[in-house]
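**Q** Sharing a structure, written as structure tokens. Questions coming.
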Amino acid sequence: MKNKGYKSKFILTLVVLVLTITVAGTLGSANINFLNFFRIIGSRVPYLKNFIDISHIPDSHFTIVMNLRMPRIILALFGGAGLACAGAIFQGVFANPMAEPYLLGVSSGAAMGATIAAILNTHIRFLGFGAMGLFAFAGSLLVMFLIFSLSRIKGQSSVSILLLAGLAINSFFGSMISLIMMFNQDKVEEVYFWTMGSFRNATWEKVLIVGMVVILMTLYSFYYSKDLDLIMIGDEQAKSLGVHVDQVKKNLLVAASLVAAIIVASSGIIGFVGLIIPHMARFISGPSHKKLLPLSVVFGGVFMIICDTIARSVLPNKELTTGVITSLFGVPFFLWLLYKNRKTVA
């Protein structure tokens, strides 16, 4: 009965996701109604397009929907899904309700990379990613390599040292960025807006790359869902049941950090999604990661699309960064979470 209830709720969340995409596709400076939005989308579907009359729809509306809004909406979907799934993994691995995808320094490495790109003023592009995105991804990978190298003891990675190394490198890169910005005041605004996160530079190339990485990571983490459930009970119990705890934790942390890195490279640093969404999903799924991970993916996608739609629609002729909107939701939730777990934190 419980499983049937979960399935019906999961299907409902998928319906909400489709409705969210539809509403987001119609909102913006250009007035495109629901019917025309569906006609434009349908006209790109083989066979279905033969039954749709699009003669009265301006070409500009096709460009707006297919080249501007839809890449942005789908990239936001994958970004939210990836960060939420990564957040659920981090919370499971560290058995900490306040763990999130940037815990191991991915964000600081990305910010450092973006800062270097801004200072060099380079204009290279690759697979739809600009210089700041490419340098950010490289910075994230460098930090991950440093942290996992520093945490190795007798050939194995210690999770506690992994966490301490992440905190130390986060602080170091934060200080370095501040120092660099002191001598390059003209680049401060550019780097600041990038680090706040936005999907306004979305392209179908980015959607394809980010989507592939997020889907593969989600499937990979789902494979370890039973192991994560046992690890949540306790490392010793998990080991006694045949789980290679250290290896599973390392594999999942690498996968989750890679996803966070590719999302940061595509859209900047968008906080709190990986923190709050797994908790929202857990209210429905319970502690089982077999149910939690898919639900977190859908919830994360819906949440990010809503936040991005608010960011681009709430002010006339002006766009907020998506990271600002997620923070407005995330900070109160984080404070509530901190209050709820104050005894554990203390």
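Just so you know, glycine gets a Cβ as well, placed from its N, Cα and C.
Annotations in TrEMBL come from automatic prediction, not curation.
Just so it is clear, the model here is predicted, and its values are computed rather than measured.
Per TrEMBL, transmembrane segment is recorded for 73-95, 101-120, 127-148, 160-183, 204-223, 252-280, 292-314, 320-339.
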**Q** Quick one: find which recorded stretch in 73-95, 127-148, 320-339 has the most Cβ pairs under 8 Å with the transmembrane segment (160-183).
**A** 127-148
**Q** Between the stretches 101-120, 204-223, 252-280, 292-314, 320-339, which wins on the count of C-beta pairs under 8 angstroms to the transmembrane segment (73-95)?
**A** 252-280
**Q** With the transmembrane segment (204-223) as the reference, which stretch in 101-120, 127-148, 252-280, 292-314, 320-339 has the largest tally of C-beta pairs below 8 Å?
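**A** Stretch with maximum Cβ contacts: 252-280.
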**Q** What else in the chain is close to the transmembrane segment (127-148), if you only count residues 6 or more beyond its ends and a Cβ gap under 8 Å?
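**A** Answer is 104-106, 108-114, 116-118, 120, 157, 162, 165-166, 169, 173, 194, 201, 203-206, 209, 250, 254, 257-258, 260-262, 264-266, 268.
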